[in-house]
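Features reported for this protein in Swiss-Prot:
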BINDING   Arg56, Lys147  substrate binding site
ACT_SITE  Glu188  active site, proton acceptor
ACT_SITE  Lys230  active site, schiff-base intermediate with dihydroxyacetone-P
Amino acid sequence: MTHQFPALSPEQKKALSDIAQRIVASGKGILAADESVGTMGNRLQRINVENTEENRRAFREILFSSDASISKSIGGVILFHETLYQKDSSGKPFPAIIKEKGMVVGIKLDAGTAPLAGTNGETTIQGLDKLAERCAQYKKDGADFGKWRAVLKISSTTPSQLAIQENANTLARYASICQQNGLVPIVEPEVLPDGDHDLQRCQYVTEKVLAAVYKALNDHHVYLEGTLLKPNMVTAGHSCPKKYTPQDVAVATVTTLLRTVPAAVPGICFLSGGQSEEEASLNLNAMNQSPLPKPWKLTFSYGRALQASALAAWLGKSENKKAAQEAFCKRAQINSLACRGQYVTSGKTDTAATQSLFTASYTY
């Protein structure tokens, strides 16, 4: 018989479960503000703003210093290492600002992808070295949850069984290390939207990936009540000629989750995967309106799909701060409604909200 050493104490389990429940409390989701320096540079480049530490800090200050009502829509904020140690213009650390609003601070923990030998261009994730020490330090510095993103792609030869197993195992090792150090692990196995595959192919692959992930989490004695899942929605490939409705996406996604994700998991926080802001909200809303059983909270962990309108309103100008904050708050409120299946689209959305945010082979 297998045994878990060291086992989590009842107190550790309760602390992890409480954090996870706070993040996905009713109508709340996650703001993913953990873009790396390079990825943030690409975002700033689109609005002709230079990628400096100050500009990155200034934009994130806009998001974090938004009206206190934002905490009704956002339960947690994922930060990049740089951002965890930055301050607002008055000298207050960002984690303190986030916590004062009643939101939970998270930290990106993976160190990006590395080629996986023996596969056709597939990858595994780096960052397990010294992860326990990093988790302990981040916990001291104010973080209460972590995030680790694994990436799988769909093609005629991928994902391979090797890539699925390797990434599932790495996610499980990360999750176990997080929990030993008091951090709730967000488990993110992303099946990329690149390609021309249809909805059914994405569903088949996502089911295989999630089944492998939960087998690995069980093998590694991960306490599921103290975790969150951040999966892709089940959508057709970006180049698929056939278009599907939000209802199609909802049925395929919820069916996939029912087949693979234990009811013990408190919340499923979808990534937006390059969908437009509006598309991501409509798909989430359709899932929460679905008559299928949903034993977990279905919510969001959006980066691009929460920030695009705010970036477009800001344009790097301090005088646009209020407009950018209003755009961000509006999008957060829409997604909060979508978490409850209560979003009714007016049909009038601005260009930034309907623009595709897809980037091929997207890296964070």
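Every residue, even glycine, has its Cβ placed from backbone N, Cα and C.
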Listed recorded positions among Arg56, Lys147, Glu188 whose Cα sits within 10 Å of Lys230 (active site, schiff-base intermediate with dihydroxyacetone-P): Lys147, Glu188
Neighbour-count leader, CB within 10 A, binding-site residues: Arg56, Lys147: Lys147
Cα separation, the residue listed as 'active site, proton acceptor' to Lys147 (substrate binding site) (Å, whole number): 7
Rounded Cα separation (Å) that holds between Arg56 (substrate binding site) and Glu188 (active site, proton acceptor): 24
Protein Cβ atoms within 10 Å of the residue listed as 'active site, schiff-base intermediate with dihydroxyacetone-P', excluding its own: 22
Chain-internal residues near Glu188 (active site, proton acceptor), provided their CB is under 8 angstroms and they sit 6+ positions away: Lys147, Trp148, Arg149, Ala150, Leu171, Leu229, Lys230, Pro231, Leu271
Lys230 (active site, schiff-base intermediate with dihydroxyacetone-P) - helix vs strand vs coil (DSSP): coil
